[in-house]
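As given in TrEMBL:
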DOMAIN    218-351  domain 'Peptidase S54 rhomboid'
REPEAT    459-492  repeat 'TPR'
TRANSMEM  176-195  transmembrane segment
TRANSMEM  227-247  transmembrane segment
TRANSMEM  259-277  transmembrane segment
TRANSMEM  283-301  transmembrane segment
TRANSMEM  313-332  transmembrane segment
TRANSMEM  338-356  transmembrane segment
TRANSMEM  363-381  transmembrane segment
Amino acid sequence: MNFTEQNLVYWNLVKELIATYEYQIVQIDQRGEVWLQSPESINATLIRLRRQDIDWANWIKQDFDFTKKQIKQVKRSQFGSKGKALNVYVSTYPPVDSWEHMVESEQKIDTILIDTENRDEQVKKLFQLLDLPLPSYKLWIEGNDETVVTLRDDVYQLRETQNQQMRQVFSNGKPFMTYIFIAINIMMFGLLELAGGSENPAVLIQYGAKYNPSILDGEWWRLITPVFLHIGFLHLFMNTLALYYLGTAVERIYGSVRFTLIYLTAGFAGAVVSFALHAQLSAGASGAIFGLFGSLLYFGVLRPQLFFRTMGMNVIVVLAINLVFGFVVPVVDNSAHIGGLVGGFLASAIVQMPQVRKVARSTLVLIVTAGLGIGIVWYGYNFPVQAQDPITVSLRMQQLFEEERFEQAYKEIVYFMDENDDVPAEIYFWRGVTEYELQMFTDSRKHFEQAIEKRDDFHEAYYNLSLIYKQMNNIESAKKMAQTALQLAPDNSLYERLVDELNRSQ
């Protein structure tokens, strides 16, 4: 009879914790051993329950040592949870020898043994440790073996219900928009390649890459179009792979409409932060993809237990690796990554998960997000970051020359040269061209000569130096420079005409 009573106590206890106190089932094994977790969002309590008639304390010692390892693994998977851990045995009789000293642990795991003799005392102690109201536990012993079977089936049914609820969370949408975005990215990559190459800066600017000077001139759409452009096949491949795995997960959790809003908002946020902090030409879906990380982190805030049980540690580790990579590798636009991550998190808090209705929170986050966005854009427009790489500076010079803004070009290139010690030949060349247009011929000649010193095959510099010597009426030097330019670029008709003109002038 006592054996059946303890079976009743065990399964009633398990059912009570699940049905009444909303504990989540972590696992149930074939022996009926049950692992439960309390519903708290942070530092949830972990309980391991086992129905076992124990004869000797040594068995408890062996089992406890194994249980410690399992508890450590579970807590590690939850990023070092500080919640309580309880180890509960339900036995018909206590061991014949002393056992309490065998379950001491630096992990602070409370072990409770509920046997027939101390049942009342230990049940009360258990619920006191759990900080839960004491149920009508004395009714638990009412029933027979058939009741035990029914209780056990009820627990398994509760597990199935929880599993259905978990599956429902990941069934809010099919990954339709994920595939649409992948298709757009591939199509735009093909278009860039046909237009002259996805690594060609001029092509990237033409098709909408994030280019700060154009944004400052009012081309605000460059804060969203870079999401669909990629620089080189490897860039496209890596982002497509990430979008496939992250996008399908996020779209299943949030649904297609919410996913689309999160993805685009994160991409926009990444471009805005990059515009404010990063002067270089850039493109790619990385900001939007980091936003998907942000949406998964928000899911982890709302459903921490499910998050850590399904994906949590993997998401955090991969995110950490990518952020560290972004800080270590200079060419990576980490400002876009961080902006996208924060943007995705905030966007998720605005749109919320399906079946979550928190209008006040969404409204507050929307106001905060809008304020941050406006503030960052204002900062970017009023305190524009200066380009620190020669390629971006050269592109900027081309743009200003097309617009005949020579004084602005001179101001920006002088600033760049003052701020950088190792200046390449191309920058000296652009400064020389700018000074030539401003009729600063002496300075222009000096910088063309410096460009040639750094690159002796720089035929454009020789040609422009020839023009300066011609302007200064030094025909012999002009002819020498023009002939050198023609030797370096024999198919250039412009150089050939200048040489002919200088020969006729003698």
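Heads up, the Cβ atoms here are built off N, Cα and C, so glycines get one too.
Beyond the repeat 'TPR' (459-492), the same-chain residues lying 6 or more positions past its ends with a Cβ under 8 Å from any Cβ of the stretch are 425, 428-429, 432-433, 436, 441, 444-445, 448-449, 451-452, 498-499, 502-503, 505-506.
Across the domain 'Peptidase S54 rhomboid' (218-351), mean pLDDT in this model comes to 89.
Highest Cβ contact count with the transmembrane segment (338-356) among the listed stretches 176-195, 259-277, 283-301, 363-381 falls to 283-301 (criterion: pairs under 8 Å). Here the listed stretches are 176-195, 227-247, 259-277, 363-381, and the one with the most C-beta pairs under 8 angstroms to the transmembrane segment (283-301) is 259-277.
Residues 212, 215-216, 269, 272-273, 275-276, 343, 346-347, 349-350 of the same chain, all 6+ positions outside the transmembrane segment (363-381), place their C-beta atoms under 8 angstroms from a C-beta of that stretch.
DSSP places the residues of the domain 'Peptidase S54 rhomboid' (218-351) in helix, strand and coil in these numbers: 111 helix, 1 strand, 22 coil. Secondary structure of the repeat 'TPR' (459-492) per DSSP (helix as H, G, I; strand as E, B; remaining residues coil): 27 helix, 0 strand, 7 coil.
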